[in-house]
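Trainee: Below you'll find the structure I mean.
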Amino acid sequence: MALANGGEDRMDDSSSGRTSLADSASLTNSSLRSGTSSQSIHTNDGTIRVFNFTTGEFERFHPNMLCEEICNTMCRQLGIAPIAQLLYGIREHSTSRRPSPLVRLDLTWCLPGERLNCQLVYCFRMRFRVPELDSQLELIDGRSHKFLYRQMRYDMRTEQIPEIRYPEHKDKSTGLAVMDMLIDDQEQSEDQQAMRSIEKLYKLYLPPSLWRAHSFFVGSKIREVFRSLKANSLSVERLKWHYVHQVSHLAPTYMTEQFTCTVQYLPNEEVARGSGPIGTSLAHSTSTLASSGSTNTLSTLTTNTNSVALGGSGKKAKRRSTSGGIDVYVRVFPHDSLEPGLKVARVTSEATLKWILVGAVEGIFMISKINDTSVRLEIVGLPKGYEMQFQTEKEMKSFISYLGIYIRLSSKWMQDLCHSYRTPSLEELSSLHCHGPIGGAYSLMKLHENGDKCGSYIVRECDREYNIYYIDINTKIMAKKTDQERCKTETFRIVRKDSQWKLSYNNGEHVLNSLHEVAHIIQADSPDRYRIPASKYDKPPLLLLLLPKNLKAKKTDLQLSEAELQRRNPQIFNPRTDLQWYPDSISLSDDGMMFTMRGDWIQQSPVKDVSVTMKMLKSDGNFMEFFRLAQTWSLIQSPQFLKLYGLTLADPYTMVMEYSRYGPLNKFLHSMPNVTLHCLLDLMHGLVRGMHYLEDNKIIHNYIRCSNLYVTKYDPNSYVLDAKISDPGYPRPYRESDSPWIPVKYYRNLQAAKTDQFAQLWAFATTIYEIFSRCKEDLSTLRQEQLLRQKNLDGNILKMLDQDICPAPIFETIMDGWSDDETKRFSHHDIFSRLNTIKAEILPNYMPPPEIATNGTGDETVIDRSDIPFLPFPRSNMLMVIPLTSECRVIYNMENMIGRGHYGTVYKGHLEFNDKDQPREQVAIKMLNTMQVSTDFHREIGIMRTLSHPNIVKFKYWAEKSHCIIMEYLQSGSFDIYLRFTAPNLNNPRLVSFALDIANGMKYLSDMGLIHRDLAARNILVDHNGDGDCVKISDFGLAQFANSDGYYYAKSKRDIPIRWYSPEAISTCRFSSYSDVWSYGVTLFEMFSRGEEPNLVPIQTSQEDFLNRLQSGERLNRPASCPDFIYDLMQLCWHATPRSRPSFATIVDIITREVATKVTHPTDGHQSPPNQPTDAE
């Protein structure tokens, strides 16, 4: 039966393989406008009719087919990749031009497991908008980008995009129509061009309302512009790209769905006139302009919320009265918006809606069906869930399908959100214990995470073809009984036909009845098989299409006030989601048991993140002592002390403190000797208030001194200098260096001073002395003998200060603090009186401060990275921040490690720019494991900064303090993994094109006089570009520039990859471009063996054995299915005499000549993206 393929009445254009655009225009603008078509769409012939935007016709399907089956068939027919299938859906089709503004438009979507109604007509549409639509969609799936153009064109002509409607956007609509005409003109065959002129059919490309209003004027203008652009037009592919680009930017809510329902309450709603908020916080409430009719809006009320729906099949619920509920709009704000999540807004006729966050999308873990029109959402943070009542059953189903698929495409691809409406394909994958199209690299990671046992396997769907599966199975144990022992993973192709599985294995095909049989027929070193099933917690990057590749930075000038931060009670932080860490700022505190680091407290609401200082307990510290410190500090409620915002209760145990922009006071004053007297008096005023707070609350601090006061504000123009008292730190004994801050009577028993509440008044006096002496002298270097000698001279432990820098009343206060009579040491009344007297007597005399460096954690000695681990806690999954320049910083998660080598580890992260209009950019961060190879690090930076070639990985930034290099991120990952896991789908033409990529990149390096010294598949990355792939050379850690003779002589023998090295490089450490050519030959072996290890046969027993056999003439065997000319090229690369090997320029010529200059990437059913001409913009 031909129903599933659209029947045999399709109009096929022999030259283009589709109905011509002009014919489609005629169909959509005349037949559909009147509610009919050439196929009599309202005639019920017992089939399901689905409109196809690509052909402009209705496809017919058997009525027993489920919605998901029809979607699958349409995707196959249109060449849409399996990974993109969930972006599409089936919706009821509008055959009217434009509904009356008083009529409720009800175009609902079908659930995947639902059967469609023969009485209705439907359309196949892209439903979900991927982030950065105009650029990312083409990279995900080129065919989807082409389909979107057809869909947008149809929606423009039928005026279904509210944001680009006449009359507001007359010029934009006209411009898009001209672009449409240019595309259609280029896609016509010569015969079609002879039969009709696109220029004369211009009215078919215009929205009808525009044509009716301006038919007299617009015709001549469009024809004139069309003729002008046609003479120098871009290619069809670039025109389509610009069309999609224009529409996506003019209509930012295109493919955004908005629902209407009734709820019982609005969480976090701000109630007017001081009646308080409903819910817990106002932080999630935000205002935004509502587009009253967003594209493809579902169940959106325009003016009358009780209007009757068109095509109103489906059960209806009586709309509750206002007293029984609240009518709201519901919308999912996507992950690339500033405040993503599920939001609601009261239905109102006002132009501005108040959108209120119900919950993060990833926090919605279930939808329960209450009845035919009502659901309850189970959401993290809402203990009793959140009920929604829709007007019809169809609306409810549309909402369930939208939210369920959105969550699959953003967080949990293997999960059905509503168990009342199951997805058939998910149930089948679950019953087969099979993964979706997760890709080979993610499969390898899963095998590693699950122990990497021999016999472990994963079965996954192919991400390029339908009905094709792969099995990734660990078959061999390599390097047994050594510290390098690991499993070899092999990948085999499986074709599914009905209920049977056809396995390609050992040069034959085996037809089997189950995947269990498939796993057991493949030979492995272990008889056992361990199947690794899919999990709802899997996060394969290939499938999470709605997660933005480049997140937008939080664009806001709003920030929490100091008063608001002071009011908040300390909280428990999740170190993974609430905090960002700056590992470059790490330092060891004076107590020796805690590390200090700068950080950011991430704010979920639309305000700036809060800068914080984090104090982390060392792994050998006592948690109870840490907890007692945090408990004491959490009770302090005074602005004179650094605020404790909260703490983490997971390793590393951390106190999250108020941030000090200028660091400790002693360092600040030492670097700012000209701080004026007024500023110092202002500073002292705050310190006196802090001491009074300690006295009133009977708190013994024990560490009052300038090094423990942190400067938070300095504004000489306003005469402000604020410093706050920090916590005393981890308990530790007093040392002799603490003597200036301890009463002399305790010099023989320093520890006894810790229980004396008057002892900190002595410390207060010494601290005032430090302040007014501008910390010129480090008092901690003074010995007790010196202090006692000075006290015997004039009664004070330190010399008197000159009255020019310290007024007499201030030094009188200092002497009171050093008095042996404890009752005279501190009187805040007397001190405030003295301060006021001094301020009244002197005039403000401020000098402009010199520029100073800011350091959030102070200037404590930064520890050499070789003395401690990279971080003072085990590998974790916290967000790390490294400042790069004044313009940007890099943020990464240690959990996102994507590679590890001898000298470094590579993480995935993103660049965040200070310019909030510039989106975040995904990058790879290569971080050295040890500082002992810092010379290599600087050399690698110096080399990478000079390189610019399409087959060389792009260098972006570097951070010397962190010893890390920031490079472009290539999602397809390492070439050696790609070879193994894409092996069944890798044909020789594709491999030859990769060989040419590498040769071109190496020719560029060779021309620059650069020797790579580590060329291998593991150091090559794969770049997925649209529907094609190319490769780029990376890892220049061993690279060197050659001398005038073309050689580089290594000075030391370190761990070297001998199986890729030429004999002269192994034996004499002499490297040249010719030794790179040898490595290129070995890399060719890796490629055409589909990822095999380059071992001699029989395998070498040692490095010496390997070298001896190479020198005796042995070479790697020819890989199976390797073309003759490629193995001949390998043999040339492995010539014993270096200068007899071909140069890379010669290699490029050999490959190009062999394939007659027509080496292209195979399409596997997909077309490569177009090349943009230089004059395209």
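Even glycines carry a Cβ here, placed using N, Cα and C.
According to Swiss-Prot, the protein has these features:
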- 1-41: region 'Disordered' (REGION)
- 16-41: compositional bias 'Polar residues' (COMPBIAS)
- Ser40: phosphoserine (MOD_RES)
- Ser321: phosphoserine (MOD_RES)
- 582-843: domain 'Protein kinase 1' (DOMAIN)
- 892-1164: domain 'Protein kinase 2' (DOMAIN)
- Ile898, Gly899, Arg900, Gly901, His902, Tyr903, Gly904, Thr905, Val906, Lys926: ATP binding site (BINDING)
- Tyr1047: phosphotyrosine (MOD_RES)
- Tyr1048: phosphotyrosine (MOD_RES)
- 1158-1177: region 'Disordered' (REGION)
Trainee: For Ile898 (ATP binding site), what is the secondary structure state per DSSP, taken as helix, strand or coil?
Mentor: strand
Trainee: Val906 (ATP binding site) has how many other Cβ neighbours within 10 Å of its own Cβ?
Mentor: 22
Trainee: Looking only at the domain 'Protein kinase 2' (892-1164), what is the mean pLDDT?
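Mentor: Within the domain 'Protein kinase 2' (892-1164), the model's average pLDDT equals 82.
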Trainee: Around the C-beta of Gly904 (ATP binding site), how many further C-beta atoms are within 10 angstroms, looking at every protein chain?
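Mentor: So the Cβ neighbour count for Gly904 (ATP binding site) comes to 22.
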Trainee: In which DSSP state, out of helix, strand and coil, do we find Val906 (ATP binding site)?
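Mentor: It is in a strand.
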Trainee: How many other Cβ atoms sit within 10 Å of the Cβ of Arg900 (ATP binding site)?
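Mentor: A 10 Å sphere around the Cβ of Arg900 (ATP binding site) contains 11 other Cβ atoms.
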Trainee: In sequence order, which residues at least six apart in the same chain have a CB under 8 Å from the CB of Ile898 (ATP binding site)?
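Mentor: The list for Ile898 (ATP binding site) reads Val906, Tyr907, Lys908, Ala924, Gly973, given in order along the sequence.
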